[in-house]
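A.B. asks: Got a structure for you, questions after.
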């Protein structure tokens, strides 16, 4: 079904587009230039109208004469239409900025209607990100509202003006750290650079460089007597104890990621994602930053009404979308109490009702797990731990202890005993069943401060003493809201290093998600969701798709190059079969690599060999291969290599989750824009928020070492949509990403975070890392 939806794009007047473009070759490397003295490459970009500098140091300009002191040579004159589409869009974006329509100007307009807000030590600043998309020969400005979370203190203040503390801070936060230059009106965000092998930050203690970049800001941005006084009031005199930090642009969209610049700790503040903050602060900030579609739309309309220019339209654009058919919603198969595989619709229940029968309700049919891992069947006893955060109130601790015990009883009585008795009746046709899991009265209750390193170490020591000689343990953890996601991650990782799979339940859930009929229990669906998640982590799967893909296998990959004690890890691969059943999860171990890059020929060859170890041959098969992000040229070469070596037909496309396009409607749909497909596979159930589409682009068929580019078809879109139904982390919610991509990314993150790799668990689909 078709519909019209407003999106965050406005049409650009074609009068801005030049007839002629001039191309120049730049001889000196911008990076070398920066090391010598400074910023001529930046001055070139700022002081000449209409400049785009490509990764190969070609200058694309609207002007015939450049004011530039470096070495370059004119290469020719071309028409605008001869430029590649991406360079056309970059140049139009630059011309908009030079006509007074830039991120800085639009962000100022936005803040008339949505003020910055302070949350403790953090300030949340509404801002605008801009990009340009070419669609049907017209250009559109994408206006995306974001919220930047930044420290109230400068980086230099945060580290107590101590160079050693600065280095430690940068090392500790190197994965996610972004720094904003607050002494520039552009407020550009940068990412610090680190040494290739030592991973230490690239710091320069040369006082001349520090003075140069301090004075650069004054001369460029604060060059009137009044402005200089304001600069000194805000930032003080230059502190020559601080080192300069070599950094690169954080945005890969607007600027060449290889360009470097020096930052002064005195003039920058760290910026954050909400996930990096303590959860109580993060929750407040996330609540503030969530905007309903109508709220976003209204803010953009207010901005456009303030723009005094005819270069862009004053109204947001509409686009035609295709709604996802309702019959695709519940495409799953389950096993009934006789062990037969049936569509869930035949049992007249929904996915969210898979476990309702465990409350001894005759209203709901018994549903057996679709498959139980052999490894899990053989375990006779699993130690059970209840871990309580001492920061919780006593009544919450007592409630959590009792609730976790009841959940365990549900697993033991309803799942283990009843499944086994039912399974015995069904053994003639199916080998189904859970082991007898004897938790009764044997759980260990541990209470410690989970917000402290000492408390976490104490938990690990106590669990370790109980896990001697045991293959697998299970822990339910009650944690306060104040714990950051990093602390959650550390606790779960340390427990799994002892073979203990854990399930965290936070304070909000324990306090606010009570059953309305029995305040001594959690809400019924919350209980079943927790059971579903725990059993998924233990490898127990309750359903497959009632749908067949036109592929032998679907594989999600993620690249995570790093040195581990057991060898060099290149990343992860997660395999699903043609009916959406998760078959194998494997780490890709490869030979020693140089730097952060991975030899993708070796990566994909190892992937094929790894699956072969489990008697899954990819030779002569057709596979759909997906990853989170763009398939790089290096990865494409690797796929050409295995397609020829093993006679594999590979279909792949980019699956991009981070982009600025938003559609102001909360429904499952897809639309074509600028040669890409934007798919919204989920509908938000929460009170606030705007659905974020995933972008599907650049479909390739790789066969016999050759690449054929094709358009993404409606069937491709439906395949991706169906793959988002395979969520083992929630009994009812939909996923934003297709399942193979989601789980490959989760496992790659676990590898990066030093989780123990248990290949015997992974081989049977244990999702312990989720």
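A Cβ is built for glycine as well, from the same backbone N, Cα and C atoms used for every other residue.
Computed from a predicted structure; not experimentally measured.
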A.B. asks: According to Swiss-Prot, 558, 628 bind Mn(2+) 1; which of 205, 217, 745 is also listed for that site?
C.D. replies: 745
A.B. asks: Mean pLDDT for the region 'N-terminal domain' (1-151), rounded to an integer?
C.D. replies: 83
A.B. asks: Provide, as an integer number of angstrom, the distance between the C-alpha atoms of residue 558 (active site) and residue 745 (Mn(2+) 1 binding site).
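C.D. replies: Approximately 6 Å lies between the Cα of residue 558 (active site) and that of residue 745 (Mn(2+) 1 binding site).
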A.B. asks: Can you break down the domain 'PAZ' (154-272) into helix, strand and coil residue counts using DSSP?
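C.D. replies: Taking the domain 'PAZ' (154-272) as a whole: 43 helix, 27 strand, 49 coil.
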A.B. asks: Determine, for the Mn(2+) 1 site, the additional residues of the same chain whose CB lies within 8 Å of the mean position of the CB atoms of 558, 628, 745; present them in sequence order.
C.D. replies: 556, 557, 572, 627, 629, 741, 742, 744, 746, 748, 749
A.B. asks: Near residue 628 (Mn(2+) 1 binding site), which residues of its chain come within a Cβ-Cβ distance under 8 Å, counting only those 6 or more away in sequence?
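C.D. replies: Listed in sequence order, they are 558, 655, 657, 737, 741, 744, 745.
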A.B. asks: Using DSSP and collapsing to three states, where does residue 558 (active site) fall: helix, strand or coil?
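C.D. replies: Assignment for residue 558 (active site) reads strand.
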